[in-house]
């Protein structure tokens, strides 16, 4: 914890420097960052699960407490109004005392409505509000111009791509937790459990509730693995278990892990061989990644690797790998991007920003679902998650195309029973190497 405290001190110093620059560029004196508010379910007396503002948890590892407010000006110690009411209906977070609390001035907020008077001397013309409730900001006294100003957010989001040492430690810890869950889920799969029960096994192993994980776990067997964001969780195991895809993460101090593995129920069939080769291609792709190259290039490179696999397994025949990629024959098999930035959010911000003024570079027209077009630089954290699926809705147009004769539709029909493959690691870009946080922890 001592090391974490030291790294957190450096982290706050970095955030203060970024804030100073963002404020100076935009003629603001300070930022007021709101943790968020509970959202009521329509015509009910309950709330949706609370999800904290990522801009807030960038500063303090407070992820489950609404109605908190953070004042930062880049120079003085940040002020944190921490909401901790007297409440016998609900559990309440006490004022924290931890490795990070000496870096902020803690102010007890006993009633959420008291924030208006508490902030009366702070809300001035040159203060910006960052948060999810423009209406609350207006009630406090913010003008429309000062609510979530785009130029401020663009600057902060762009620089959030470069993780501090504290953030990298937190992300490595999230990896450890997620991997414990993945190993437990694999054991549950081997024991013949259902998707629902495998998910329970994962949550128990990680110590997460289903509202704590950074995204809804994807636990998919057989054809369900062809649904990219499958979250239905069948309660009964299939009578014939053929394959298992798990895409599940964990969170540590607000930072996410996002890991995917695919398994064949039998080790001696063609699908198992395809998984093994896909795993090799994913690792080979990572070995080519280096500073100064646009992320888009690795997405395109992976399409060439997918073409090689399609040809090797006779899924697509009598056409060169180059033509497969040029004509888009690989796209129905690999319809999503190679990955995305990772951090405080699973799909972290600024994937398309080319500079800190927010210059946008969209994904190529041919690959519209790619989530990052940045040039890779040290301290960036990204996922590498190639996929190879057998999705009828994407394959159907090719049945009637001029290239239909090159597809082995009988083989595709057989492989559709397995759904698909996705293999995902989380990597850190360093000056002279790529750190694979996932593989470094020995997840096969």
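Cβ atoms here come from the backbone N, Cα and C positions, even for glycine.
What Swiss-Prot says about this one:
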BINDING   247, 258, 424  Mn(2+) 2 binding site
BINDING   258, 340, 385, 424  Mn(2+) 1 binding site
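Locations of recorded Swiss-Prot features on the structure.
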{"residue": "247", "record": "Mn(2+) 2 binding site", "Cβ contacts under 8 Å, 6 or more apart": "217, 218, 258, 259, 260, 422, 424"}
{"residue": "340", "record": "Mn(2+) 1 binding site", "Cβ contacts under 8 Å, 6 or more apart": "346, 347, 348, 351, 371, 372, 382, 383"}
{"residue": "385", "record": "Mn(2+) 1 binding site", "Cβ contacts under 8 Å, 6 or more apart": "260, 336, 338, 339, 422, 423, 424, 425"}
Entry from the binding-site residues list 258, 424 having the most other CB atoms no farther than 10 A: 258
Assigned element (helix, strand, coil) containing residue 340 (Mn(2+) 1 binding site), judged by DSSP: coil
Extra residues within 8 Å (Cβ to Cβ centroid of 247, 258, 424), Mn(2+) 2: 218, 248, 249, 259, 260, 383, 385, 422
